[in-house]
Amino acid sequence: MRIQFTKMQGAGNDFVVLDETRGRLGLTPAHYRYLGDRHFGVGADQILTVRPSPAEGIDFEYVIHNADGNEVEQCGNGSRCFARFVRDQGLTTKDRIRVKTMKGVIEPLLTPDGRVTVDMGPPVFEPAEIPFDATGLSLLPMGSWGYWPLAGVDPAQGAHLLIAAVSMGNPHAVTLVADVDAAPVGAWGPHVQADARFPQGVNVGFLQVVSRSEVRLRVYERGVGETLACGTGACAAVVAGIRLGLLDARADVQTRGGVLTIAWAGLGQSVFMTGPATTVFRGEIDLPE
Ligand SMILES: N[C@H](CCC[C@H](N)C(=O)O)C(=O)O
């Protein structure tokens, strides 16, 4: 089956975007894995699918698959590219777009400077809704909130890895490090992801606080591995930093692929993410049956 696609990236987190506004393509998880494969397919961290409005007051539906073929709840960098795509393809003339995702409605806004600001909705801290099994874990005094000890990732050290568990629709575990460049992302990321306390897996963020308004972040993403940037990961990291008393209400997040700006006014409020969205190329590919 030959299909058309658009390759896009937001701060280096890259996507294959598919248009199903005129009918479903009927793809399988194996097809999504093929599209994401950097050697045998197109290559991408996630595959984003655009579908028509599911209801009154909503403009589009947005479906996200990780490169491993699994559907997931949310993708921040992808939401900015989604907005850029539907405008560039003439599927809407709006600047502010209401988009239904698996876990609620988000609202990207295309801004005159070419970036996109997205209302990502409020963060979720209730362990059962993340989901994170906190049974038997006691809260740590830091910030007197959601900062948990996880099984020691380096038995030689014997130290606990301390994480803040947050959901942006998808699950995140954020840990503080002194220097992201030296952080053992490739070792600790899979270790935390394999922890049975995250029954649906987790995206693992390594957060270095530079000042009260600037951080550096690396994320080992669920279903992909380390990406150059993770939008929901940037949201989760800044929210954790604010709740731990380390950040003000707005911070620039330096990722390996670019800068994202995250703002959060506090409990019950939405997180706002601003960043780039770029079309790289368009193409078509013959999918294996
Ligand atoms: N790997 C994530 C989905 C993509 C998130 C990331 N690419 C973003 O920009 O938020 C998960 O399994 O929850």
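Each residue, glycine too, has its Cβ placed from N, Cα and C.
Heads up, TrEMBL stuff is auto-annotated, nobody curated it.
As recorded in TrEMBL, the features of this protein are as follows:
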ACT_SITE  Cys75  active site
ACT_SITE  Cys75  active site, proton donor
ACT_SITE  Cys230  active site, proton acceptor
BINDING   Asn13, Gln46, Asn66, Gly76, Asn77, Asn170, Asn203, Glu221, Arg222, Gly231, Thr232  substrate binding site
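TrEMBL feature annotations superimposed on the structure.
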{"residue": "Asn13", "record": "substrate binding site", "DSSP (3 states)": "strand"}
{"residue": "Asn66", "record": "substrate binding site", "DSSP (3 states)": "strand"}
{"residue": "Cys75", "record": "active site", "DSSP (3 states)": "coil"}
{"residue": "Asn203", "record": "substrate binding site", "DSSP (3 states)": "strand"}
{"residue": "Arg222", "record": "substrate binding site", "DSSP (3 states)": "coil"}
{"residue": "Cys230", "record": "active site, proton acceptor", "DSSP (3 states)": "coil"}
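The Cβ centroid of Asn13, Gln46, Asn66, Gly76, Asn77, Asn170, Asn203, Glu221, Arg222, Gly231, Thr232 marks the substrate site; residues of that chain outside this set whose Cβ lies within 8 Å of it are Asp45, Val72, Gln74, Cys75, Gly78, Val219, Val224, Thr227, Cys230, Gly233, given in sequence order. Counting other CB atoms no more than 10 Å from each candidate's CB, the binding-site residues Asn13, Asn66, Asn77, Asn203, Thr232 peak at Asn77.
Cβ neighbour count for Cys75 (active site) (all protein chains, 10 Å cutoff from its Cβ): 31. Recorded residues Cys75 (active site) and Arg222 (substrate binding site) have their alpha carbons 11 Å apart, per Cα-Cα distance.
Calculated from their C-alpha atoms, the gap between the residue listed as 'active site, proton acceptor' and Arg222 (substrate binding site) amounts to 11 Å. The candidate set comprises the recorded positions Arg222, Cys230. Of these, Cys230 has the most other Cβ atoms within 10 Å. Taking every pair among Asn13, Gln46, Asn66, Gly76, Asn77, Asn170, Asn203, Glu221, Arg222, Gly231, Thr232, the residues recorded as binding substrate, the greatest CA to CA distance is 16 Å.
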